[in-house]
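Written out below as structure tokens is the structure these notes cover.
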Amino acid sequence: MRAAKLAVLLGALVLAPLFVSDHFILSILIAALMFGVFGAIYDLMVGYCGLTNFGYAGFIAAGSYASALGASFMGVNPWVGLLVGGILCMALGFFTGLIALRVKGLYLGLLTWFVGETIRLTIANSTEITRGMLGLTVMPFPDLLGIDFSRANLHAYYYALLVIGTAIVLACWWLVNSNAGRAFKAIRDDELAAESLGLSATKYKLINFSIASFFTGIVGAFYAHYIGILSPSPTEFGVSRTIEVLTVTYLGGRGTLFGPIFSGFLIVGFQEALRGIGAWRLILFGALLISVMLFFPRGLATLKKWLW
Amino acid sequence: MDFSLLLDPSILLELLAQGLVRGSMYALMAVGLSLIFGILNVVNFAHGELFMIGAYVMYFVVASLGFPILAGIAAAAVVLFVVGMLIERVLIDPLRRRSGRGWLLDAFVLTIGLTVVFQNLATELVGSRRQGLVEMIPGSLDIMGISLSYDRLVILAATLVVGAGVWLFVRYTPLGKAIRATGQDAEAARALGISVRQIYMITFGIGASLAGISGALLITIFPAYPTVGMLPAMKSFAVVVLGGLGNLPGAIVGGFLLGIIEAFAVFFLAAGWQHVLTAALVVLVLVIRPQGLFAVQGARP
């Protein structure tokens, strides 16, 4: 049953863009898919291991800039850059975890928030390399396997992201159902009890945080070459972006992994559909997060038994 | 970077003065955040937006309606007191009473949502134009070769008055004592007949009111616009972490400390890097001394 549902979900994601030729709608589909994947990665941390990363956007920035700067200064092929972004972000996540994972809950949230801001502000101020707020122009992906990856061909970008995203989400799924995943959940539910069973909480948290950062870096690098211009503003790589990803995860339901994929499409879709009402759509967005916290702490998963 | 400049006493004095003025601003911003955390354990991410509302109230009362400055500050205090109490009773209190594991994190995320609502509500209702006052009291004081505008001195004085006022209030008044008792041990306070729910609501109101007062007082530096609260919020969090989460005197000292550090950083580093330094400093303190720089022995982490 589970596999059948997954096949339906994947089928819908594969088929959706075939009916779309409009550039704008395609870019919305890409944004929705990207938020869905970010949300799923975020869920790996917060939903399965209780790790609250409020500096998430800073980690996305690290992946994005690693690949973008690698491509423009060292001629790194952007496809290799995906890996460069992933590995740099993983190193960053590993070291952050090493110092940060001793503190818990709110303290971890505050700490990661300022780690994220440190990353973003460092990028913003290193103007000789990153051009700071002026924005860094990033080359598109080169053609691969004879497929045209110029930015006019958004279908190619959508399917490339779908392949990457599917691989990441399936890897997350495998991970949370492995022994390590059981350890994550044990630590999330009761760290003391888990440790008394001989699980090293720090070790598993570090594994979780590093892997999530690795995936974040890959998608971040993809984002850089897709979007074509990066600037370290608060809306792009600061608190606002973290809030968006966090909302996707919380609305999708923490600890569901696939919930964020749905909520990514829901949130991005509604935000675009409601563009006509101006700032009200963001007011609704904030109110949505508040009402999830107040009334539906399990997010869309509350509806799951009726709908899916 | 030329550290030999530090040997010049006039430069040193100038930087210290700038740091004190800057620090008084940070301390003023952070007091409310610190109070709310200290008593309710809730980290209020929307702190900057309460600051923003305070700035708008100040602008409308003083610039649009033509009332004196003090009336603007009082209005900001009252409006935010009510807003704060409403936030606590309508949004935070239900979460607390559901009281699942990790509800404090849920409350934090909820206030994140509140941030988004307030910022965009302001955009929708008053637009994103910057609306500020040029100066509250014209002129400046020249002393020992340093020039400090009266506005900055007012802020410095206000910080000391507000800091001392809050401290005296929680220390000596019956309500203040009830607030402290609730913060120390809510169950014991309840057993002594204190209405803990009401204390939480009032405390959140006072904290919000302090945020509003700081927004009103700092309007010459931070004109009112929808996202004006983001920088003050970040600095407030930095101050509160430096001073120790929930440690009121620590927040005041932490504010001045951060101000002085930044004044020196602005002087010696390229513009903008002082923000990096602040963020990195906060990370460092959270890692090495999560209880804050000024916590007494045995204080909670």
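Every residue gets a Cβ built from N, Cα and C, even glycine.
The transmembrane segment annotation in TrEMBL covers B:20-43 (among others). Nonlocal intrachain contacts for the transmembrane segment (B:20-43), taken as residues 6+ away from its ends with a CB within less than 8 angstroms of a stretch CB, comprise 50-51, 88, 92, 104, 107-108, 111, 148, 152-153, 155-156, 158-160, 162-163, 166, 170, 179-180, 182-183, 199-200, 203-204, 206-211, 213-214, 217-218, 221, 232, 235-240, 243, 245-248, 250-260, 262-263.
What TrEMBL records for B:50-67 (among others) is transmembrane segment. For the transmembrane segment (B:50-67), the residues of the chain that approach it from at least six positions outside its boundaries are 29, 32, 44, 73, 75-76, 79-80, 83-84, 118-119, 122, 126, 131-133, 208, 211-219, 222-229, 232-233, judged by C-beta separation under 8 angstroms.
Among the features that TrEMBL reports, transmembrane segment is placed at B:73-91 (among others).
Annotation comment: TrEMBL describes B:103-122 (among others) as transmembrane segment. Long-range Cβ contacts of the transmembrane segment (B:103-122) within its own chain (Cβ-Cβ under 8 Å, at least 6 residues beyond either end) map to 41-46, 48-49, 52-53, 56, 87, 91-92, 95-96, 225-227, 229.
Annotated transmembrane segment per TrEMBL: B:153-170 (among others), in sequence order.
Among the features that TrEMBL reports, transmembrane segment is placed at B:199-225 (among others). Residues of the same chain lying 6 or more positions beyond the ends of the transmembrane segment (B:199-225) and with a Cβ under 8 Å from any Cβ of it are 25, 28-29, 31-33, 35-36, 39-40, 42, 44, 47, 50-59, 72-73, 75-85, 87-89, 92-93, 96, 122, 128-136, 151, 154-155, 158, 162, 166, 175, 178-179, 182-183, 189, 231-232.
Sequence annotations record features per position, and here TrEMBL assigns transmembrane segment to B:237-258 (among others). Sequence-remote contacts of a segment are chain residues at least 6 beyond its ends whose Cβ falls under 8 Å from one of its Cβ atoms, and for the transmembrane segment (B:237-258) they are 19-20, 23-31, 33-35, 37-39, 41, 43, 47, 159, 163, 166-167, 170, 183, 278-279, 281-282, 285-286, 291-295, 299.
Residues or ranges marked as transmembrane segment in TrEMBL: B:265-288 (among others).
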